[in-house]
There are 2 protein chains.
Amino acid sequence: MGKAGLPVSPLAPASFPDLPVIGGVEFASGAAGVKYQGRTDVTLIRIAPGSTLAGAFTKSSTRAACVLDNQAKLAEGGEAPEGAAIIVNSGNANAFTGARGQESVDAVTGAVAEAMGVPAGRVFSSSTGVIGEPLPHDRIVSVIGDLASALDQNGAADAARAIMTTDTFPKGASATFDGNGGQIRVTGIAKGSGMIAPDMATMLVYIFTDAKISAPLLQQALDEALPSTFNAITVDSDTSTSDALILAATGRSDTAEITSLNDADGRAFALALAEVMRELAHLVVRDGEGATKFVEVRVTGAMDEGDATKVAMAIANSPLVKTAIAGEDANWGRIVMAVGKSGAVADRDMLTIRFGHLVLAQHGWRSPDYDEAQASAYMKNAELLIAVDLGLGQGARTVWTCDLTHGYIDINADYRS
Amino acid sequence: MGKAGLPVSPLAPASFPDLPVIGGVEFASGAAGVKYQGRTDVTLIRIAPGSTLAGAFTKSSTRAACVLDNQAKLAEGGEAPEGAAIIVNSGNANAFTGARGQESVDAVTGAVAEAMGVPAGRVFSSSTGVIGEPLPHDRIVSVIGDLASALDQNGAADAARAIMTTDTFPKGASATFDGNGGQIRVTGIAKGSGMIAPDMATMLVYIFTDAKISAPLLQQALDEALPSTFNAITVDSDTSTSDALILAATGRSDTAEITSLNDADGRAFALALAEVMRELAHLVVRDGEGATKFVEVRVTGAMDEGDATKVAMAIANSPLVKTAIAGEDANWGRIVMAVGKSGAVADRDMLTIRFGHLVLAQHGWRSPDYDEAQASAYMKNAELLIAVDLGLGQGARTVWTCDLTHGYIDINADYRS
């Protein structure tokens, strides 16, 4: 299903999950031929009146028109008394397309507003794909009527497929928990496999819940979950101009309103949301372009969290570390190199480096327990843990990444053609 | 001549240059079998009494014992009234080898001091290769006597070969200019092809001149040339734990002493030194692991030099930019992405992006003159210019990099075996 018939990532889950229906959310997907042929490339999502909204977006200074438009609309507030809609296309990012970029956003969101009877200020849009090519928005507009009449509560899986670019599998995740008076559901879909590095986000993500929760509290729950989820993954250190996460709460569950994130209900909601976000973030790494290894980098003992983040990201983004992992080489010397270049306070003689349960280095040198055969055997796993303890303080950070393989070069050396 | 018979980089010069002899500098190279077999791997350099010395070293917090030792020795001053020596081995970096690392440095530099009648405090050492393996320093010590009796003013080319690791060709450069009373010569050799990113240094570099110049002024000339030479190149954003540049001036030319970098003689010397440093830095990029393109990234119009550097390095280190170059794809959208993620102040609508003389994008969009066929034809060149003008201020920075290819993965996915 990926571009050019890429094989499905070896790190993909066995199947797309059964996602619980969220009352008040409907999906429709279709083929507008924006760029791809023979597959769906547009998704329309309707969100019921009375829902609340929150969002997080790329911090790129060259972000796309649709991102700027979404941010401006959410800045007006997260309430949607007359409902809201999301329209997404794949194949073209409508990024760096000058004034024409905003014209395309206005054309598409205006057409959705008209077809669905939703205020244009509550129609959000995303475009993903090639940068710098004008978006043929007429093709998208021409299918909106058909999509509006095909909306379906069970359409999330099809939507997850329609928004893919170089993704090799569709991504979905959910969580369900008992709220005060009934069950609460959280369901999300995402796309993304390259140009993945934090600062929010690095992909498109749409998450829905039937919880009753105010827009500011919804935004707070989202913001609190970002550092340990979407801002804790990196495939190639490159950050997209187009990435967006939109979160909607329809309030259709039978539960009481969540009025705080600190009581039992609020904590349960925050936990479920973070769980869905972490699962989707992991799926993006598992579909990292060319990835054959899913790697957790766990840094502890740093002077503070900032230093822990520097070290974790220096390791997770190092081409030399990532190629060694691809080669199943337990080259812990490159971990030492990455710690050294990170800019964090580090003391060579206090470092401990573990791969899984194996201690490779400590006290400034190779561990006396080091066993090359054991280390090499460990590297053959598809899921790896690299743990670094700096031995200096309480700062900790965990991030996730993948290896750097020939597949990454294959995909990216000729993406546009 | 590179590791595992790697083919010579397509960006290599046709031949090793004729390097002018520097009075007072002699070289000897031999095979100690530190790791490599069937090639030279140790170089000894003798620097005459009365010389002055300067140096620059990696800023890695996990730097190797020999780097720490060199820094401590130079901190005592750059004078060498009784002469100095440099001993270099390839194959093993003696980095992250605990207390044993310093013992190896002491053993090797002590043996050189004894064999050559030079104070141990004036014997500098470098080790390059695998990190975390104990250095078999006895093998090096055992060949020092032979090397000391084979010293030769014409040995620079052999030395350039002996210090190679994954390098595919030896690197040398020189400059000669008329000083006050005669000619002054500058000759340098270098190694380095991976783990290349600034913060000084990212390689081993030894530069010699017969100029008469005090140690502080020599250090000043070196420091002033670094930002536009060795700190302006990047292969993979990874910084070595072992990198070092040592500069020695023997004063053996017939010219008057250089007493300022601001008069004619001083400027001529600074220029010649910077020329040799830039040429050596470029040779390192031309031997970047797997490189098939030599790329100049020229950023202008930034708010300040710091912002220009952020943008230039974001472009030069972006895996997506570098793979597009490998694929000869004029994917200027990825340049926009890199500008956006750099953290520098940027205004999408003020950006101008050129590849060579071709304007690809300006005023926030694809240039009206953009011609895909022309752009694609340009990308087939082995030497490329990517120029970005931010249109905001006077900040400028030029850096050099190479593309990211299958060759990089081949070399680095299995370096240790």
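Note: Cβ is positioned from N, Cα and C throughout, glycine not excepted.
Curation plays no part in TrEMBL annotations; they are all automatic predictions.
What TrEMBL lists as active site, nucleophile is B:T202.
Residue density at B:K191 (substrate binding site): 28 other Cβ atoms are found within 10 A of its Cβ, drawing on all protein chains shown. Sequence annotations record features per position, and here TrEMBL assigns substrate binding site to B:T165, B:K191, B:T202, B:E289, B:N412, B:S417.
The binding-site residues examined here are B:T165, B:N412; by Cβ neighbour count within 10 Å, the least packed of them is B:T165. Counting Cβ atoms from all protein chains shown, B:E289 (substrate binding site) has 29 others lying within 10 Å of its own Cβ. Proximity to chain A, defined as a CB-CB distance below 8 A, holds for none of the binding-site residues B:T165, B:K191, B:E289.
Look at B:N412 (substrate binding site): DSSP puts it in a helix.
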